[in-house]
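According to Swiss-Prot, the features are:
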BINDING   GLY42, ASP63, SER70, ASN71, LEU72, GLN73, ARG74, LYS87, ASP131, ASN132  ATP binding site
BINDING   CYS171, CYS174, CYS245, CYS248  Zn(2+) binding site
ACT_SITE  CYS188  active site, glycyl thioester intermediate
Amino acid sequence: MTLSLDATQLDRYSRHIIMDEVGPEGQGRLLSSRVVVVGAGGLGAPAIQYLAAVGVGELVVVDDDVVERSNLQRQVVHCDDDVGTPKAESAAAFVRGLNPDVSVEPVEARVDKSNVHEVVAGSDVVVDASDNFPTRYLLNDVCRFEGIPLVHGAIYKFEGQATTLVPDGPCYRCLFPEAPEPGTVPDCATTGVLGVLPGTVGCIQATEAMKLLLDEGEALDGRLLFYDAMDMTFETVPYRTNPDCPVCGEGGVDSIEDIDYVESCAISLD
């Protein structure tokens, strides 16, 4: 079902509506959509900003952290007055000020096995803007089992990556069969991150989400996009479904209940 647009919306979204790939029907589809963004930090901030601006009707923003001053160099939905405020609520307040068409739900929690089904329920797309491997594997697994497209992004210093995981394509475990050992991957507090880098990658994630919602263009399904800000290069590397994947391969599991996302994210099929 798509929504009819009133005069104010026809004006607000006029630059979309004039394009054949969107039009009034596509804009109505965006306004009828529900997107969950997990993480309201570096990647989540630009994704939230643009998904709200383009008129995604329902946004769920999930984050258990609070705004710190060191976040403000890159997390563009938060400002100095938000320091100490839960990121989910700060991002939600930004959305409310940006676009009254968007109903935004802040969820001040870390996604885990106990709440992930409730978090993603009813969503058309999930955007993974998290910063840790247990959450990435958890979102991959539950979205695969629930049949929900998932847009992944990650950043490191001057480099970023993104891919889109659709229900009938390869999953995150096909791409990265094993998570790194805990503590072996440094975070941005240790290595630093170029302030504009998450903006680029987060906007790519928002673009992928929009394409999925509009059913237009070619998604990054089965392709991992690499971005190097220092060389200003983009490269895509194809990947395929792993027939032995424990989630999407033959004979794989069909539930997250027996998977330990705290220790290793590994799945035993024995």
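Quick reminder: no glycine exception, Cβ is built from N, Cα and C everywhere.
Note that the coordinates shown come from a computational prediction; the quantities given were computed from them, not determined experimentally.
Shown on the structure are the features that Swiss-Prot records.
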| residue | record | Cβ neighbours (10 Å) |
| --- | --- | --- |
| GLY42 | ATP binding site | 26 |
| SER70 | ATP binding site | 11 |
| LEU72 | ATP binding site | 15 |
| ARG74 | ATP binding site | 22 |
| ASP131 | ATP binding site | 18 |
| CYS171 | Zn(2+) binding site | 24 |
| CYS174 | Zn(2+) binding site | 21 |
| CYS188 | active site, glycyl thioester intermediate | 20 |
| CYS245 | Zn(2+) binding site | 20 |
| CYS248 | Zn(2+) binding site | 22 |
CYS188 (active site, glycyl thioester intermediate) and CYS174 (Zn(2+) binding site), distance between Cα atoms, whole Å: 26
ASP131 (ATP binding site) versus CYS171 (Zn(2+) binding site) - Cα distance in angstrom: 18
When distances run from the Cα of CYS248 (Zn(2+) binding site) to each of the recorded positions GLY42, ARG74, ASP131, CYS188, the nearest one: ASP131
Cα-to-Cα gap, CYS245 (Zn(2+) binding site) vs GLY42 (ATP binding site), nearest whole Å: 30
Largest separation between Cα atoms (Å) of residues that the record links to ATP, namely GLY42, ASP63, SER70, ASN71, LEU72, GLN73, ARG74, LYS87, ASP131, ASN132: 20
C-alpha spacing of CYS188 (active site, glycyl thioester intermediate) relative to SER70 (ATP binding site), in angstrom: 11
Distance from the residue listed as 'active site, glycyl thioester intermediate' back to ARG74 (ATP binding site), taken between C-alpha atoms, in Å: 11
Inter-residue C-alpha distance, LEU72 (ATP binding site) and the residue listed as 'active site, glycyl thioester intermediate' (nearest angstrom): 13
Pairwise CA distance, ASP131 (ATP binding site) versus CYS188 (active site, glycyl thioester intermediate), rounded so that it is a whole Å: 9
Cα distance (Å, whole number) from GLY42 (ATP binding site) to CYS188 (active site, glycyl thioester intermediate): 10
